[in-house]
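Undergrad: Can you read through this structure? Questions will come right after.
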């Protein structure tokens, strides 16, 4: 039986779903000769860890209890120290993760999995790379930080997986890596990489008001608690930067031209969420309606996309042909068109569900399993 030891950082929706997948897939993985041994789980404040990460693991009961506590917004500190687990907080949390990485990294191996949405994990991830650990990311921020941090994380390409940073569980990163490693240069990428904005733009195309669609998207759970987190375009920009860097572009986030769908005077520092949804977003209807109408006169539709071509990297609304893969997009799916030497006139199209905790967690789990040959 091949043992893959795992430390999970982040117990939000994706992290909890990952733990549940690990537990429910025990028999499947056993038939494949694999055992995922979760030796530690942490949120931003506390770490639950096996007393001896070398010989022990957190039981499935403890993993499900972590899920229950975090779903209820409770503290992991309520899991008191016992013979089966220990709890650390504050500066001890980071030290314990690094100590575990030092112990396991170059012996049994360790997969450090980041399902948080924090930039605070970057230091720990860099240390883990130095200690010979594998890194699996759903968190986009480490890969969109300073170039020196990015270079450190990808310095051991066989030991990092980050499929779920772009397109949730869709095979975006793997497909691009296969093309690049086979000598098929990619010269143009255009894609709709936000399920939220894909839904919004396809709905306004049908004549619905932008304000109504944004409110519907929020009620359906497609947006963040503050929809402006999606409407700002920053999430799409991070995904675009990850793809651009994968293609070898030495860019930073501030190099990307980003079109926000609301003006600065409606930003979080000026308007509350309630004010934005109550009155602010109504003021955006006219402009969007006019743009939709203008595009329709040209036989086109509007989509919020990322574009990477040469040194150009930008995200925003573009007019696109109705009969293109992006033009046919409906709902919250992601679509990516990739143009290369081999895929020149007809692009490689990657399409499917590109959002959701379940889809993302499944992608993370697949990434962990993809590292199995690096574990003894």
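Each Cβ is built from the backbone N, Cα and C atoms, and glycine gets one as well.
According to TrEMBL:
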ACT_SITE  239  active site, proton donor
BINDING   10, 11, 12, 13, 14, 15  NADP(+) binding site
BINDING   140  NADPH binding site
BINDING   224  L-homoserine binding site
DOMAIN    171-369  domain 'Homoserine dehydrogenase catalytic'
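Situate these features within the shown structure.
TA: All chains included, 25 other C-beta atoms sit within 10 angstroms of the C-beta of residue 239 (active site, proton donor).
Same-chain residues at least 6 positions away in sequence with a Cβ under 8 Å from that of residue 12 (NADP(+) binding site) are, in sequence order, 70, 115, 116, 117.
Contacts of residue 140 (NADPH binding site) defined by a Cβ separation under 8 A and a same-chain sequence distance of 6+ are given as 165, 166, 235, 238, 239, 242, in order along the sequence.
Residue 224 (L-homoserine binding site) is surrounded by 16 other CB atoms, counting those within 10 A of its CB over all protein chains shown.
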Undergrad: Taking the Cβ of residue 15 (NADP(+) binding site) as reference, which residues of that chain separated by at least 6 in sequence fall under 8 Å from it?
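TA: 8, 9, 41, 70, 115, 116, 361 - these are the non-local Cβ neighbours of residue 15 (NADP(+) binding site), listed in sequence order.
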Undergrad: State the mean pLDDT for the domain 'Homoserine dehydrogenase catalytic' (171-369).
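TA: Summing pLDDT over the domain 'Homoserine dehydrogenase catalytic' (171-369) and dividing by its length gives 94.
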Undergrad: Using C-alpha atoms only, work out the spacing between residue 14 (NADP(+) binding site) and residue 224 (L-homoserine binding site) and round it to an integer in Å.
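TA: Taking the Cα atoms only, residue 14 (NADP(+) binding site) lies 14 Å from residue 224 (L-homoserine binding site).
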Undergrad: Name the residues of the same chain, 6+ apart in sequence, whose Cβ is under 8 Å from the Cβ of residue 10 (NADP(+) binding site)?
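TA: Long-range Cβ contacts: 42, 43, 114, 115, 116, 117, 118, 121, 138, 139.
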Undergrad: I'm trying to understand the geometry here, so how far is the Cα atom of residue 13 (NADP(+) binding site) from the Cα atom of residue 224 (L-homoserine binding site), in Å to the nearest whole number?
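TA: With the alpha carbons as reference points, the distance is 12 Å.
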